[in-house]
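Chemist: What Swiss-Prot records for R104, D141 is substrate binding site.
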Amino acid sequence: MEQLQAVIENAFERRAEITPRNVEANLKESVAQVINMLDTGKLRVAEKINGEWVVHQWIKKAVLLSFRMEDNSFIKGGFSNYFDKIPSKFADYSSRDFRDGGFRVVPPAAVRKGSFIASNVVLMPSYVNIGAYVDEGTMVDTWATVGSCAQIGKNVHLSGGVGIGGVLEPVQASPTIIEDNCFIGARSEIVEGVVVGENSVISMGVYIGQSTKIYNRETGEITYGRIPPGSVVVSGNLPAENGRYSLYCAVIVKQVDAKTRSKTGINELLRGI
């Protein structure tokens, strides 16, 4: 693995020079190996080690290099045709492959090769980009998008129209992470490497990036970039010091433990705010 990483790191330093016509065979093979391991879940861009998320930047660099190495090509689809650098994850799938994968894909969901879909995942008509990791039992609802290299935990519900930001455009240092057992309400956007802690509930229409103020109603504390585990979050506003205007923020209205979260419906948690 160290040798593979070295090839990727060295090539990334001269990425501006790389084209589909001059890419070395060794580099092309190395990047393809990384993409295939991402596709099968043997590698992931970020993983939790000793309770902390660790980002493997070299894997993200391999994903970025794949765009430099490939020309657009014709991609045949069931309802249309496409022209892109990255093939569909399911381009060569048979019915047995789908059964072995243990997930369900509703047309016209689009999933790029190099993303991992675990068992018992349901993909409604949605989009999952390269490098993403979608763990067991998660629902990606209609028109939801899972951005490049985003990490989605177990038993997560991404409601209709949810946007989970990627790392490729614009380039971000860390992927957006939604931990286990989270509910993300319809049309919410979580981007720019924000981490949503496990067992959290994000209400409908909440937008959180790295510059979004996250206000804890109980403590009065303002933080950025991370939602603590067990948080119930709604959209809100904070007044300016001069009182002449207010700016958008995300408000943590309560925090619940995993036991309460498992016994309480989403509507109940949001209704009593």
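Cβ coordinates are placed from backbone N, Cα and C, and glycine is handled just like the others.
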Chemist: What's the number of neighbouring CB atoms sitting within 10 A of the CB on R104 (substrate binding site)?
Modeler: 14
Chemist: For D141 (substrate binding site), which residues of its chain lie six or more apart in sequence with Cβ-Cβ distance below 8 Å?
Modeler: M124, S126, H157, L158, S159, G160, G161, V162, A186
Chemist: Using DSSP and three states only, what is R104 (substrate binding site)?
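Modeler: In the DSSP reduction, R104 (substrate binding site) maps to strand.
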